[in-house]
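Here's the structure we're looking at; comments come further down.
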Amino acid sequence: ARDGYISQPENCVYHCFPGSSGCDTLCKEKGGTGGHCGYKEGRGLACWCLELPDNVGIIVDGIKCHT
């Protein structure tokens, strides 16, 4: 397990609003212990998760979001 900005399949962040419970819910649904809305340089507001399982993608630096 590891902490990180949870990633959608195309290496895109899950955008969020500071103070909302959306990230905590998303992270727990994906098997993490929780999360919050953080700021990822170059990506903007993004969900940060704690203790995500290794099979859940996190943002890889240097690879652009490609939808």
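Here the Cβ of each residue, glycine as well, is placed from N, Cα and C on the backbone.
Candidates considered were CYS49, CYS65; Swiss-Prot assigns the disulfide partner of CYS27 as CYS49. Candidates considered were CYS23, CYS65. The record in Swiss-Prot pairs CYS47 in a disulfide bond with CYS23. For the recorded site, CYS49 (disulfide bond), the DSSP three-state label reads strand. For CYS47 (disulfide bond), the count of additional Cβ atoms within 10 Å of its Cβ stands at 27 [all protein chains shown].
Annotation for the disulfide-bonded residues CYS37, CYS49, CYS65: lowest Cβ count within 10 Å of the residue's own Cβ, CYS65.
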